[in-house]
Structure formats: structure tokens, C-alpha cells
Amino acid sequence: MTWTIGEAVRRLLQLELDEARLGEPAAGGSAAGSDSLGNLGHPAAGGSAAGAGSAPLSAGADGLLAGDPQRTLTGVAVSFAASLDALERAGDVGANLLVAHEGLYFSHQADAAWTAASEAAQAKRRRIEASGIAVCRWHDGPHRLRPDVITAGLVRRLGWEDAVIRTLPEATIIRLPEPLSAAAAAELAKRRLGASGVRAAGDLAHPCRTVAVTVGYRGGGELAARLYEEHGAELLLAGEGPEWEAPEYVRDAVRLGRRIALLYVGHAASEQPGMELAAERIGRLLPGVPVHFLNERDGIQII
């Protein structure tokens, strides 16, 4: 079957609409209404946005951020970030559509006004236009699916998918068959995620059985407290969060006698495995289309 880029993006967004109607909008983005699909490839209502790039949907973070929706689709590359490295690698594998989890011009909001004056954003826009590769963001959609595709990918990469006891919108609760200390879990995460290090707080030696896993920027204090207090988590493994919230909660809780720990593995490291799972999902949605997952190097180095 031959697809256009616009048809492929519509198919991807339709999955979100079909399967996630009961979910609330993901943090940082609104749910796209069903009429949004008709606007694909055109500026949102009200005219062009002020930023370097504007999602052509009426609402939400997801949609076609760059490229011609009428072009014939040759292949799809899937990545965490819409980086120039990912763009070049997409071209190398023959894909003319890059599906990325994060934004294109260094901001969660596609129409962030400051990007219009950014030399780097404008140079990147010109590079994308010259490449002929379209860029679609798929952020809110996979987070709204049940289970959250991004969290499910991390759980799978850690080898814990058979130990899941509860799936929440923001986290997955694991009951390990054998106790594992936070220090040992950190080594496991580094090995499985290819990370050079993780950040840790709390009692790293206590053998843990109940682990809460979450991704991205969901490692804040409110969710952490709920996972520890309401769901019995002894260890929370998250992407990142404000340093003055969950880490301080854990530090004081340990001082008060709780045996809990926290691991921050990094935003990208926590969400890349989910985009690998998303690539498999996209491959099933677009039969006959080559789909390639791009396992990127983290943009932040630990030195």
C-alpha cells in the first residue's frame, strides 16, 4: 500500500483518538479534538504562529511540524528527539518522515515566540526544509494510551514486564520476584539503558520488592509521595524532576525511619525505550512501510 506523509500522520493521530478518549491530556499538552485531523498540513486556526515552527493541529503538542503532507511516504524513522543527528540518520535509512517524541525547536510549545528570533532555530528550520524530510511530533498520544506506551517501553527494557502488578496513568507498579537494592537497580538501569550514570537519593542498600517506574519529567514530589505512601513503593525509578521535591522528600523520609530510595535515570534515557516500542506500533499501523527506530546518543554527557 502506498501512503502519503499526511495519511501516515493522520493514521498515527487516529490511534490516539480511538484508544485514548478516556485519558486526560498529558502534562504540557492538550488533547487534539477529532476535527483536528482535517487541519493537517495547514496552520492552526487564527493564522501562523510566531515561533520557528507551529504544529498544524488546532490543539495539542502532536502533529506534523515540518514537511509536505502530500509527498509519498518512503519510510519512517522514530526517535526521542527531533535532533539534526536524527534527521540525518533518517535520510540515511531512506525515511522521509521522522516521528519524534519531543519538540523540534528546543521548546515543548511548537509556537514558542522566542524561537522566531533564535539563530539556531532558524538555521535548523532551513536545514529541515533542504532535507525534504517531514517531522511529526508524537508526544501526548503515546502517553495517553493505556498502558502508557512510553512507560511500557521502559519497563520492558528493564526486564520487568512480567512483574507488573498495577498500571496507573502516570506510573507502573512492579513487584519484583526477588528483592533488589536501589544500588543494584541503578547498575541494572545503567546497563540496560546505556547510561553512564544515574542520580540517587535515599537508602540505596535496602532490598526493595515494590518499585514504581515512571518516565520523563514525572519525578516530582506530589507523584512521588503518592507512589510511596498510597502504592507502597520502596523504590521510585524516574526520568527526572525538580531536585528540591522528590529527592528532599526521600531524604527526610529516610531520616524519619522510612526505607525508600529514588533513582533519576535521565529524561531521554527513560523515554527512548518507549519510542522503540512506539516504532513497533507504527510499523503495525502502516503495513508495507519501512519503520526504523533510531537509538540516539543522549544530548547530555556526564563528565
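Just so it is clear, glycine is given a Cβ too, placed from its N, Cα and C backbone atoms.
Just so you know, TrEMBL annotations never went through curation; they're auto-generated.
Copied over from TrEMBL, here are the features:
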type	residues	note
BINDING	His101, His267, Glu271	divalent metal cation binding site
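DSSP assigns His101 (divalent metal cation binding site) to coil in the three-state reduction, placing it in neither a helix nor a strand. In the three-state DSSP classification, Glu271 (divalent metal cation binding site) falls within a helix. The divalent metal cation site is set by His101, His267, Glu271; from the centre of their CB atoms, other residues of the chain with a CB within 8 Å are Phe80, Ala81, Glu102, Ile150, Val215, Gly216, Gly239, Ala268, Ser270, Gln272, Gly274, Met275. Close to His267 (divalent metal cation binding site) in the fold, though at least 6 residues off in sequence, lie Gly216, Tyr217, Gly239, Glu240, each with a CB less than 8 Å from its CB.
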